[in-house]
Amino acid sequence: MTKARKALDKYRRVVIKIGSALLVDRKTGLKKSWLDAMCADIAALRAKGVEVLVVSSGAIALGRTVLDLSAGALKLEESQAAAAVGQIVLARAWSESLSTHAIVAGQILLTLGDTEERRRYLNARATIGQLLRLGSVPIINENDTVATTEIRYGDNDRLAARVATMVGADLLVLLSDIDGLYTAPPHLDPNARLLETVAEITPDIEAMAGGAASELSRGGMRTKIDAGKIATTAGCAMIIASGKPEHPLAAVEAGGRSSWFAPAGSPVTARKTWIAGQLLPAGSLSIDAGAETALRSGKSLLPAGVRQVTGSFGRGDTIAIIGASGREIARGLAGYDAEEARQIAGKKSAEIAVILGYAGRAAMVHRDDLVMTAPSGGRLAEESDEGKGKLHA
């Protein structure tokens, strides 16, 4: 059954992607009045308890204006120089506009490896999570000063989708000059219809976005559908809407034209399915009965409950968790590498800093990174043993 669309303030954590054209005028630079209105919308969402993250384009466009670079395509080094200048301008603009609502902005610049390599992924996620806990609004962009043509996201639609899945967001909003997905290019086909709800991204839906070399894809719809596949598969709903109104989020709430893409499942369920089913464990942790009970009640795995560490693994690698019966009961992402795990196994969390020399995480495997893979109580094994007994009677 397709999930129903909700009001924006009914979501828990929302990632908003903002296109360059919304923020920057090629001749005059930053569109401050639009940015101020956008920040007012963000403040209104936060006042209702919604956590908000922003993926903001515009650094290269702003830097280009400040440096007075000529029109047309930029060389890689020119683009990187423009990004270096523009990132400062962009971060300051967001900080100043959000501060009028007593909101602190935090800048995060990501490269492709920060979401594709698990250790860096965990570090980036931890930083973003801490910013959210401190009440800050993370302003995220690709680090175009070091990204190359070969190693980069290439567009902020897909970057925003990666961020949304990383932080477990339940809604991704893509704001640009496109107000939704149409059955055909509306400027070419007067009969084109806006799809207000997309239950699933099928091959037919992908075809509506155009191929890689189509005119429509150059307008950005293809990358938005790619972003939708990333987000919805991970349990995150997505909205494509126009950012042209001065209060774009308020316009969406008021029923403005947009397309809503239904999520495949909850963020936690989809992510834990990925952990359990697609990754081979690099090692294992054997735990006691008390720790097993804690895990089955939804708690994190603390060092005190770990009795043995097996294998050679790094922080962020997938590991198996072996219960008191000797069977695998769960899988998760390691909060420590194998060497550190061996040092703190069986110890209290308060002792970690003394043993390792730094204040590490309290959990060996955090509950958000853990999925149970065996039923409780050992019922399946017990029934199997009974069956064997009857067979030999």
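Quick reminder: no glycine exception, Cβ is built from N, Cα and C everywhere.
The feature ATP binding site is assigned by Swiss-Prot to Lys17, Ser176, Asp177, with sequence analysis given as support. Neighbour density for Lys17 (ATP binding site): within 10 A of its CB lie 29 other CB atoms from the protein chains shown.
Here the Cβ of Asp144 (substrate binding site) has 24 other Cβ atoms within 10 Å, regardless of which shown protein chain they belong to. Taken from Swiss-Prot, the feature substrate binding site covers Ser57, Asp144, Asn156.
The annotation domain 'PUA' is assigned in Swiss-Prot to 282-359 on the grounds of sequence analysis. Over the domain 'PUA' (282-359), the average per-residue pLDDT in this prediction is 95.
Comparing the Cα of Asn156 (substrate binding site) with the Cα of every entry in Lys17, Ser176, Asp177, these being the binding-site residues, the smallest distance points to Lys17. Break the domain 'PUA' (282-359) down by DSSP state and the numbers are 26 helix, 23 strand, 29 coil. Sequence-ordered, the extra residues of this chain that approach the substrate site, with Cβ no more than 8 Å from the Cβ center of Ser57, Asp144, Asn156, are Ser20, Val55, Ser56, Gly58, Ala59, Ile60, Asn141, Glu142, Asp155, Leu159. Rounded to a whole number, the C-alpha distance linking Asp177 (ATP binding site) with Ser57 (substrate binding site) is 13 angstrom. Each of the binding-site residues Ser176, Asp177 was scored by the number of other CB atoms within 10 A of its CB, and the lowest score belongs to Asp177.
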